[in-house]
Amino acid sequence: MAADNTSSVTEFILAGLTDDPELQMPLFFLFLGFYVVTVVGNLGLITLIGLNSHLHIPMYFFLLNLSFIDFSYSTTLTPKMLMGFVSKRNIISYAGCMTQFFFFCFFVFSESYILSAMAYDRYVAICKPLLYTVTMSPQVCLLLLLGVYGMGVFGAVAHMGNIMFITFCADNLVNHYMCDILPLLELSCNSSYVNLLVVFIVVTTGIGVPIVTIFISYGFILSSILHITSTEGRSKAFSTCSSHIIVVSLFFGSGAFMYLKPPSILPLDQGKVSSVFYTAVVPMFNPLIYSLRNKDVKIALRRTLGRKIFS
């Protein structure tokens with residue numbers, strides 16, 4: 001029954017970020033710039049880590065995966081968003097909408113959990129340095145990565161399961177620049193508080209569990225740093241964590257602002273701005289933050305560029 005009803009809606013129209021014609025082209029070039037920096041930054045970081053053997057350690061293994069996730073979910077959303085600025089009617093098919101939504105959920109959940117895996121890695125490095133190579137063995141890193149992408153699949157499947165059983169009414173205008181859960185629920189005839197409850201539970205699992213893991217890890221890290229007697233040792237320990245703390249704050253801050261507030265407090269148009277932040281701005285900033293604030297990455301970049309120029 002539900003499948004028949006939902007199939008009657010064969011396409012959606014994406015409202016986009018703004019309907020002001022004067023803003024369309026400036027925003028198009030702004031987000032095109034963001035996307036180019038995101039692609040170059042993340043693929044550059046992946047290449048840099050791959051080419052430099054001294055970066056083949058757990059910290060950079062997770063950073064490589066963070067860059068892959070950032071590149072992938074930016075590519076899932078931004079090209080369609082850019083089309084919205086230059087086309088009269090930004091149409092997306094029902095199948096296209098569901099596909100975009102699935103991969104968006106998968107990569108956002110994966111990002112949440114890769115950030116918590118990175119926090120655990122920093123905890124082991126600072127709190128148990130003598131056991132680091134044993135605790136963060138290649139097998140452990142692969143298991144953690146399996147957990148990261150496993151939670152990505154869980155988040156995507158749970159959200160998709162929630163949306164596959166709702167019926168869409170005649171109105172097919174999605175008040176967003178992408179297919180996201182809340183604007184799609186707004187279009188349904190039969191969504192109830194149960195659907196919203198499922199969204200809240202799934203998002204809490206995707207955001208809440210990693211945040212708790214990160215907070216616990218940094219609680220132990222802070223305690224260890226305060227026990228370091230030398231100022232140089234303290235500043236070195238802080239510097240290895242600072243990039244990660246900035247990235248975590250940007251990503252979870254904007255994500256929580258969007259999803260963990262009742263819709264009455266956060267109108268959807270305001271939610272779009274928050275979405276832009278973690279779908280377009282955060283993936284662009286992550287490689288820049290890690291490149292500009294990380295001595296090892298700077299050294300690797302100089303070596304790689306030096307090799308290219310020399311050859």
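Backbone N, Cα and C define each Cβ position, glycine as well.
From a predicted model like this one, the values you see are computed outputs, not experimental measurements.
The transmembrane segment annotation in TrEMBL covers 27-48, 60-79, 91-109, 130-158, 193-226, 238-260, 275-293. Annotation comment: TrEMBL describes 41-290 as domain 'G-protein coupled receptors family 1 profile'.
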Contact set, same chain, for the transmembrane segment (193-226): CB under 8 Å, 6 or more residues outside the stretch: 108-109, 112-113, 115-116, 119-120, 122-123, 126-127, 151, 154-155, 158-159, 162, 166, 181-182, 185, 234, 237-238, 241, 245, 248, 252, 255-256, 259-260
For the transmembrane segment (60-79), distant same-chain residues with Cβ under 8 A (at least six beyond the ends): 31, 34-35, 38-39, 41-43, 45-46, 49-50, 100, 103-104, 107-108, 110-111, 114-115, 117-118, 121, 141, 144-145, 148, 177-178, 247, 279-280, 282-284, 286-287, 290, 296
When counting Cβ pairs under 8 Å to the transmembrane segment (275-293), the leader among 27-48, 91-109, 130-158: 27-48
Long-range Cβ neighbours of the transmembrane segment (91-109) (under 8 Å; 6 or more residues past either end): 6-7, 9-14, 69, 72-73, 76-77, 80, 151-156, 159-160, 163, 174, 178-181, 184, 206, 255, 278-279
